[in-house]
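Here the structure is laid out as structure tokens; the discussion comes afterwards.
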Amino acid sequence: MNATEQTLRITGGRLFDGQGELRDNPGLLIRGGLVAGVGDAAARADSEYDATGCVVAPGFVDLCCNLREPGNGQKGNIASETRAAAHGGFTTVCASPETSPVNDSSAVTHLIREAASSRGAVRVLPIGAITRGLQGELLSDMAGLKAAGCVAVGNGSRGVINARTLRRCMAYAQTFGLTVMFSPENQALAADGYAHDGQVATRLGLLGIPEVAETAAVMEMLLLAEETGVRLHLSQLSCARSVEMLAQARQRGIAVTADVAMHQLVFTDQALAGFDSRFHVRPPLRSETDRRALVAGVREGVIDAIVSQHQPHDSAAKQAPLAASEPGLSSIESVLSLGLELVQRGELDLSRLLEALSSGPASVVERRAAIAEGMPADLCVFECEGQWLPSAQTLLSEGRHGPVLDRSLPGRMKLTLVAGGVAWSDAG
Amino acid sequence: MTANDPSPNHLQLTRDGQLRHFLTLDGLDRELLTDILDTADSFIEVGERRIKKVPLLRGRTVVNLFFESSTRTRSTFELAAKRLSADVLNLDISTSSTSKGESLSDTLLNLEAMASDMFVVRHSQSGAQHFIAESVTPGVAIINAGDGRHAHPTQAMLDMLTIRQHKGGFEGLKVAIVGDILHSRVARSQIRALNELGAAEVRAIAPATLLPTDVESLGCTVEYDMARGMKDLDVVMMLRLQKERMEGALLPSEREFYRLYGLNQEKLALAKPDCIVMHPGPINRGVEIESAVADGPQSVILNQVTNGIAIRMAVMSMAMSGQTAERQQKLSDTGEAAQ
């Protein structure tokens, strides 16, 4: 991260400053890692960046990202995955506690933060494990995790054993003002499933995860959050009914936010029709009705954030029959592009997409993502129309199993700045 | 590659629509299914000869790759391959490499090094044979001998052959499938075949716990009450009930299941008088079927076994000739390109 007194001016193109609509870029001046001026056209700068034909937006914030460090070097590491994040326009990623060892102690949190500050291309905000070892049974040292720099606590993609433990987790987290992040799934109902329990699973004989595995958990979590008063963030929703319950909870005044993975907004269980293990994800891709409701949830602001749910794997983890493969997509580099396809199809506004990728998620972790005077110069510049070809050669992540491969996508990333320093540039 | 093409046909058919793998009945049309039945018919005669061999697969190596043990299916495949004059290797993988942690991809690489021409595969995971067909060297045919809950296409086709022998065809037939449809790859393939071949009605008879979500989308109606479901039937196909089903809280007891869904003479009397009784075997007498019915005049269970060999000979020879045709096509393509 470059924090010299060198100045850079970005001119041309359109600007999204974190809220409202896009407008013509009045010229940005960056000095000392900060946005020194917006619309200060006259001031002299050491260098210029011409963003004509591009969109300039706050750097994206990912609430759900697996960096695989410590412990899973064969799948990825902080250096490789933050580079991939920067390539995707992300300037801040929240690191999932599902590492090895699990991030359930301040020592592991420090390890992640040190690795991120020495080798990371973007900012890394660790999420602590809410239960020890993510086992869903014993409370972790949440106060210690917070002091070490965890921005929230959660159980990764794993469930919590029972409602009593969940209730105590929430009450304890609330004591320290910690946000709890849960991917809602009732483990007994999900059982051994790995696909949406619908027509595709029935035809292909796949073990299904019924919608009620999610909706029952959402309801339980909402009731417990209301009772304990904790700030609840529901992560990676997949069902139409969950969006409905979320909206109702908001109306009741429950402090709840939510996110959805980009692939849930784009794909359905039809992606599994050829037994394609790449699309083995958890929660599973569901029906077209669910997909539409999730997009509507983002459009209407019921869902605050879109996440990558980036889960890079080594090829052996994915080169297996569907049931034997590990869940997850290497997705962080194509989040924007898939979102732009939704914009092109008229399902989502560009400004709403960018909000759900930047200021929306930032506010969940009590941060701000905006291009405004005095803010850190975390931003990205991309061409909406410009195409790029995701492939094993162009993806920077160690995981080569992107949701789209060898088909060109809109949204070519030109430049990603973190604190004014170049985190990624197409100029090399 | 496959993500955006949900039809399995790019995998199992050649450009000219010939079979090159046999993975599922999904996407195979009536003409091809009829072709399989007709070819099998011609092989039945071979089984009646004193010397039961034809040279169609002479010099070819067929590997029976069973990741899930099954004596009977494997034996009929072995017999079918031998009657086609192939060399046969039986590998029971369920007890060897995979338990040592070798991945499926690695197992395959090793077997391919033995220069086989065809793998007959049974696997406990749905779609495993698709995965294998996508990863094997071109020219090697994959025959599905049952994958997870997905498909058991040779079983369904031998059932169709048996029905055609007894009923003359499929038009207007009312067929019921009774029992554990949720876990059954046989039922999924049967429903698909009956729909494609033009049966009038396919009924799924089972309690709700043994039916997959949205089972009607497969092309059948649902009947919980077996007495109602037996009415006007031409064919009743029973399924095997695994003992584990009691443990998963899917059924209370074998006794209650037998009382409600077991086929006895009394229930059979509710169907048409010439209704045939089928079962993919091995049968659980007194669990899903009464001995008097299994051994009775309407039972065609042993015909099914005989037909199994003919159907497997048909599918193996068709897939091998599809692979050969494809190879020749490719050779002539590259030949033309070279000119």
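Using the three backbone atoms N, Cα and C, a Cβ is placed for every residue, glycine included.
The carbamoyl phosphate binding site annotation in TrEMBL covers B:R72, B:T73, B:R122, B:H152, B:Q155, B:G281, B:P282. Cβ contacts within 10 Å of B:P282 (carbamoyl phosphate binding site), excluding its own Cβ and spanning all protein chains shown: 10. B:P282 (carbamoyl phosphate binding site) falls outside any helix or strand according to DSSP and counts as coil.
If you take the C-beta of B:R185 (L-aspartate binding site) and look for same-chain residues 6 or more apart in sequence within under 8 angstroms, you find B:S126, B:G146, B:D147, B:G148, B:R149, B:H150, B:A151, B:H152. DSSP classifies B:R185 (L-aspartate binding site) as helix under the three-state reduction. Positions annotated as L-aspartate binding site by TrEMBL: B:K100, B:R185, B:R240.
What TrEMBL records for B:20-165 is domain 'Aspartate/ornithine carbamoyltransferase carbamoyl-P binding'.
Taken together, the residues of the domain 'Aspartate/ornithine carbamoyltransferase Asp/Orn-binding' (B:171-318) have an average pLDDT of 95. Annotated domain 'Aspartate/ornithine carbamoyltransferase Asp/Orn-binding' per TrEMBL: B:171-318, in sequence order.
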Open item on the list: What does the structure give for the C-alpha distance between B:R72 (carbamoyl phosphate binding site) and B:R240 (L-aspartate binding site)? Integer Å is fine.
Closed with: 14
TODO: Do me a favour and check the Cα-Cα span between B:R240 (L-aspartate binding site) and B:G281 (carbamoyl phosphate binding site); whole Å is fine.
DONE: 7
Open item on the list: When DSSP is mapped onto helix/strand/coil, what comes out for B:R122 (carbamoyl phosphate binding site)?
Closed with: strand
Task: Check: same-chain CB within 8 A of carbamoyl phosphate site center, minus B:R72, B:T73, B:R122, B:H152, B:Q155, B:G281, B:P282 - done: B:S70, B:A145, B:G146, B:V186, B:P280
Task: For B:T73 (carbamoyl phosphate binding site): intrachain residues, at least 6 apart, with Cβ closer than 8 Å - done: B:R122, B:A145, B:G146, B:Q155, B:G308
- [ ] Go through the binding-site residues B:R72, B:R122, B:H152, B:R185, B:R240 for me and flag any whose C-beta is under 8 angstroms from a C-beta on chain A.
- [x] B:R185
Open item on the list: Neighbour count, 10 Å Cβ-Cβ cut-off, for B:R72 (carbamoyl phosphate binding site): what number do you get?
Closed with: 12
TODO: Please report the number of other Cβ atoms within 10 Å of the Cβ of B:Q155 (carbamoyl phosphate binding site).
DONE: 26
Task: Structural state census, the domain 'Aspartate/ornithine carbamoyltransferase Asp/Orn-binding' (B:171-318) (DSSP three-state) - done: 62 helix, 24 strand, 62 coil
